[in-house]
Structure formats: structure tokens, C-alpha cells
Amino acid sequence: MKQVQTKRDWKKLAYDVVEEKMIAKEDAIAILEAEDTEVLEIMNAAYIIRHHYFGKKVKLNMIINTKSGLCPEDCGYCSQSIISEAPIDKYAWLTQEKIVEGAHEAIRRKAGTYCIVASGRRPTDKEVNHVIGAVKEIRETTDLKICCCLGFLNEDQAGRLAEAGVHRYNHNLNTHANNYENICSTHTYDDRVDTVQKAKQAGISPCSGAIFGMGETIEERAEIAFELQRIDADSIPCNFLVAVKGTPLEGQKELTPVECLKVLAMMRFVNPTKEIRISGGREINLRSVQPIGLFAANSIFVGDYLTTAGQEPTADWGMIEDLGFEIEECAL
């Protein structure tokens, strides 16, 4: 049951964070449970933190889906899962040439980070070599930072990706540990944490976030932010469930735009120095309040996602310019 809370001084809480005072879990929950009428005040406070560490810069990232569908995992949210009946394109690995071409498209879209993503539980050594070949050519011909998201890794694979010049590895926690078995049965929450740690141990910057709106409680939503703090994720993608028809979660109620804003603000308060990225579901869930999200977040994807469409890059550039913000190109 939602408790009645006295109104907090959100700006004071923000200045405490800037002075390197960690907020309590109760404060994070209070942000999520605040009245909707307080959301602009909360976002204003979140911007104090965001501006202190990142100024007016916005980082752009672009995804390429190098292998679509055909995944043996049963993640309930995912249209690429073996149990999904969603009508998506399914294809095996793109050629190295296509992956490299995507990097140059990322530059045209003013992205600084290029994310090479493949469906599946884990890559084979042959598949890792395929990615490494493309990564080396991209590193030789561009200044892009490269992120990979290929599934579970072993130590040797993580080390070889690092040696090839991969800057960042994405492996999301997805949801709270207590909620994980409701979302997936083919692997565990701890499996995901293990891969994040392997990437970090190999010298790759860890990228890990969550998909909000998958049945987690408000308290669990806050605890996810603290867990991401604990594993020291450098980049935190905040995804909002898009209840895709044909997936087990197709009937799940999606978060409202205001709920999404509260999540972004809460994540900024808990992880003040980290890259907070508005990721999957941005256009669908935040809708007309997308620009407000950038008062907490400092990063977005530009273009399409894995199996859902994003808005035109020109719309994102215009949104950033209209806010008085600046695109940070070719920066991790």
C-alpha cells in the first residue's frame, strides 16, 4: 500500500548528491511515488545533478542488429525469443562489410558510439572472430567508440574483444532479481551479472540497465538502480517495456510518460556520475514528454532499435537543439 509522504525538498536532495552524499533507498522510492504534479519539480532537481556532471551535452548511440531472432532463450519481453510469435525479420549474421557500413551510417547520424548487437544466448568463438574483424576495420577508419552486445561471454572472449578495441559491453540486468524468474527461465539473474563482471575484468567499460514496466514493484524499481550502482555500470540504458504482440508480456500495462520520467530522475539521483540513456520505448512510452527526459538523462539512441522503429535522426537533432543542448559526437 502506498504510504502518505511529506513533500520533500527535491532541490536540496539534488545539491546533497552533487556534494557526493548518496541518497537513501527511501528517497529513491519517494521519487517514484511522488504525485504526478511534482514531476517537473523533480526533473528540475535531477537537472542540477545532470548539468553538474555533464553540462548540456547529449551522447548519441546507434544500434545495428547483426543477427535477428533465432534466439533459444525464453525472455518474455523479447520479440526475438524462441517462444515469441511476433512477426519480425529473422536473419543470421550480417557480413563484416555490412557491419562496417553501419558504422559510417552512425557517423552520418552524428552518433559517437556504435552498438553491435546480436541475438542469442552466447556467441561462438567463430562469431566473436567475425565481430572482431569488423571492429578492427571500424577502429582503423573512424573515431567511433564501439559497444558490443552479444550475450554471455567467457573470460577469453571478453579479453579478445577488449584487445580488438571494443570500448563497451552491454549486458542488461533487465529486471530485479526477485522478478527474474517471472521473465525468463533459461538463464538466471546471476548469469547476467557474471557477464557484466567478466567484461569489466577484461578492461571493457560495462553497460547495463533494465527494462522497466515488467511487473516489478516500486521498491524493486528503486533497488535496480542501487544494484546498477553496486556493479558500477558506466552506462545505464533505461528501457521501458513495449508490450509487443506475440510475446508473453503483450498484455502488460505499459508505464505512463510521467512514470517514465520518475524512473529517469530516480536513476540520475542514484547514479549521478553515470551515462543515463533513454533507450527502448522512448518514443512509444514517453511520447510528447521525450524532451523533458533529457533533463535527467544525457544519452539516447538515434534511429531504430532492435525490432522496433525509432524516430528520424533529424527529429532527435531538433529536439536536442530546441532544448539548448549540444550533441557530443564520437565520445564514450
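Just so you know, the numbers here start at 1 and follow the chain as drawn.
Here the Cβ of each residue, glycine as well, is placed from N, Cα and C on the backbone.
Taken from Swiss-Prot, the feature domain 'Radical SAM core' applies to 53-282.
Summarising the annotation, Swiss-Prot assigns [4Fe-4S] cluster binding site to CYS71, CYS75, CYS78. The secondary structure of CYS71 ([4Fe-4S] cluster binding site), as reduced to three states from DSSP, is extended strand.
According to Swiss-Prot, the feature [2Fe-2S] cluster binding site maps to CYS115, CYS147, CYS207, ARG277. The number of other Cβ atoms within 10 Å of the Cβ belonging to CYS207 ([2Fe-2S] cluster binding site), over all protein chains shown, comes to 28.
Each of ASN61, THR113, CYS149, ARG168, ASN170, SER235, PRO237 belongs to the same chain as CYS115, CYS147, CYS207, ARG277, is absent from that list, and has a C-beta within 8 angstroms of the C-beta centroid marking the [2Fe-2S] cluster site. Neighbour list (CYS115 ([2Fe-2S] cluster binding site), Cβ cut-off 8 Å, at least 6 residues apart, same chain): ASN61, MET62, ILE63, ILE64, CYS147, CYS148, CYS149, ASN170, PHE301. Of all Cβ atoms in the protein chains displayed, 26 besides its own lie within 10 Å of the Cβ of CYS78 ([4Fe-4S] cluster binding site).
For the pair CYS207 ([2Fe-2S] cluster binding site) and CYS78 ([4Fe-4S] cluster binding site), the C-alpha distance works out to 19 angstrom.
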